[in-house]
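Listed features, source TrEMBL:
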type: DOMAIN; residues: 11-159; note: domain 'NAC'
Amino acid sequence: MVDNNNNNVNLPPGFRFYPTDEELVVHFLHRKASLLPCHPDVIPDLDLYPFDPWQLQGRALEEGNQWYYYSRRTQNRMTNNGYWMPMGMEEQVVTSSSNKRVGMKKYYVFHIGEAPNGNQTNWIMQEYRLSDSASSSTRSSSKRKSQPKSVSIFLILRV
């Protein structure tokens with residue numbers, strides 16, 4: 001059964017997707033980078049940069065005014081109508097039980113127009129990536145043939 005008000009077709013009716021930063025990194029991103037299955041498999045892969053944020057509806061996991069998806073990290077953060085500009089410093093994502101760093105989170109704001117003179121919008125993106133120590137241990141412990149390079153989870157919000 002598909003809920004027409006919600007794009008979470010892989011979640012049972014009544015379930016919502018509101019993960020913490022730790023859950024996004026540990027239960028989804030780490031498994032993705034290790035080429036392990038995620039259950040439930042609800043976050044889609046998406047090449048972000050051809051799309052403006054308002055074009056993500058129906059392409060990414062939507063929960064309220066938030067869109068989640070996996071994408072490769074890249075230096076080019078430009079879309080057809082604008083660009084994502086970093087804001088602030090990266091923040092650590094730590095485990096609640098041991099306060100161990102498992103990932104990093106960076107914020108971006110979408111600007112319409114050409115860099116650096118675009119107009120700031122109310123679209124915010126959070127990029128979650130594995131911390132350097134977590135990603136290097138993943139690579140060294142994995143015997144798999146191909147590792148996804150620089151995969152991140154992105155969360156886009158309209159505030």
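Cβ from N, Cα, C; glycine included.
Because the structure is a prediction, the values reported are computed rather than measured.
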Going by DSSP, how much of the domain 'NAC' (11-159) is helix, how much is strand and how much is coil, in residues?
26 helix, 57 strand, 66 coil
Where does the mean pLDDT land for the domain 'NAC' (11-159)?
85
